Every structure is written in structure tokens, then in C-alpha cells.
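As given in Swiss-Prot:
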REGION    39-48  region 'Essential for the oxygen-regulated activity'
BINDING   C39, C42, C48, C141  [4Fe-4S] cluster binding site
REGION    159-178  region 'Dimerization'
DOMAIN    183-256  domain 'HTH crp-type'
DNA_BIND  216-235  DNA-binding region
Amino acid sequence: MILFEIDQFYIIFVVLIKVLFMDTKIGRKVQSGGCAIHCQDCSISQLCIPFTLNEQELDQLDNIIERKKPIQKSQVLFKAGDPLNSLYAIRSGTIKTYTISETGEEQITSFQLPGDLVGFDAIMNMQHPSFAQALETSMVCEIPFDILDDLSGKMPKLRQQIMRLMSNEIKNDQEMILLLSKMNAEERLAAFIYNLSRRYSARGFSAREFRLTMTRGDIGNYLGLTVETISRLLGRLQKMGILSVQGKYITINDMVALIELSGTTKTNIKMGI
């Protein structure tokens, strides 16, 4: 009887030790709701903050990141006027950012894909000037800004990567202005589709076949065109043999023609959309 109790105690002790060991080894997984993917294992890390960091620096960054539960479609990540507490790195899904005018009109400012960071525009006033909303079920990594700012002061590579990402966002804004001011409706839509293709390709997805996660209304809002114009232009591109369109699914049949139509070769547009 005594031996049986000792054996039971030993088994319980071993189990507890294993649990404690696992908590120490993968403590971040426990804190983040069981998420097993970390910066070192993330397939899109080359597009995000971890790019160029060594293993020790990655561990320091990884320790401050919170992996949030899935954000459901239409759920808002933050609202205009919210204080800047964190930046958000998109792991999967699509997030749109937008502002709302005094008259209540929505203006979409970007569509963010996996590897993109959301929230940079809040740094100047430490307050979000825009909204961020999921267009589909999405996963994000939440990065506390104060801690990230402190870490970047100690890690030159991290600071350089943040500056590179911010510079890219400024470049995208400039190219968006050029897109809206210099291109006609057909060129705008062609540039939009081509750059989605390019961005999906950079993330390891097909450059020729993909699903539009945004509605035609969203695309029109972003490009300054009506829904009817978007539908008409998609039909025209399909008749020209450049695209095949089935609902939200796009197949690019003639990439060269799409690039030429987008005016990319003339204006060198490489917007991040």
C-alpha cells in the first residue's frame, strides 16, 4: 500500500516537472493562448520586423509579442482616436484601414496583407488617426509600442528595419497619390490587380490566381471609382483576355498585357496598396 502511494506520488511529481519544464520552454505559447508560431518559425518573417535580426535579437523581440486570438471578419482592431498602445503585424488574413469624414463617409486608405504592420500612422501623435478592420478571419501579432521603442534603441538592426518599414509606407502613400492623380480608371484597376499579384507572390502565393478579400465596393472606394465602374472594367479586362473573373476569384491570363495596361512600365508604380 505504501509502495503504491509512493509510485502515485512519483508519477504526479514527474508530470508536474514536465509541465513546469514545458511552461518555461514555451511560456510564450501558454501566455498567447497556445499559439505555436514564433518569429523564428514564421513563413513571412522576411517581410516583417524580424528580418535581419540575429537569433538572440529575435528571442528578445519574440518575448514581447502577444499572439492574439483570431480576429473575426468585420471586427475592428482599433478605432480613430484610440491611444497608440501597440503595432500589429498581420500573420494571416487581410486588414483594411480607413478614415471617416465629418459627413460620415468612409475612405479606405490601404489593404494590409500578411507581413504588413498596421499602426505606424499613430506614432506622431501617439493616437490612431484611422480605423483598422478585418476583411476576413485574420491573425495578428500585437507588439507593445513602448517596449518596441525601447528595444529599438538597444538594437540597431531592429531600428533600421522599423525605419525601412516606415519608409516603405511613405513611398506607398506617394505612389497612391500618383495613381489617383495621373491614371485613368482602367489603369487604376489594372495597377491595383497587378500589385496585389506582386504582393501575393512575395508571400509565397500564386501571382496569377488569387481571391479578392475585399468587395468591389471597397476596391472602388480605394481607387476613387464607383462599384459599377469596377464591375464594367473587370468585364472589359475579361473580354480582352487579360483576366478571368469568377466571383471573387481572379486569374491573370496575360501578365505582360496587365502590366502594360497598368502603366507600371511608364510610372514605375510599385505601391503596397
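Cβ coordinates come from backbone N, Cα and C, glycine included.
Counting residue by residue with DSSP, the DNA-binding region (216-235) contains 17 helix, 0 strand, 3 coil. Across the range of the region 'Dimerization' (159-178), the DSSP-based residue counts are 20 helix, 0 strand, 0 coil. Summarising model confidence by region, the region 'Dimerization' (159-178) averages a pLDDT of 83.
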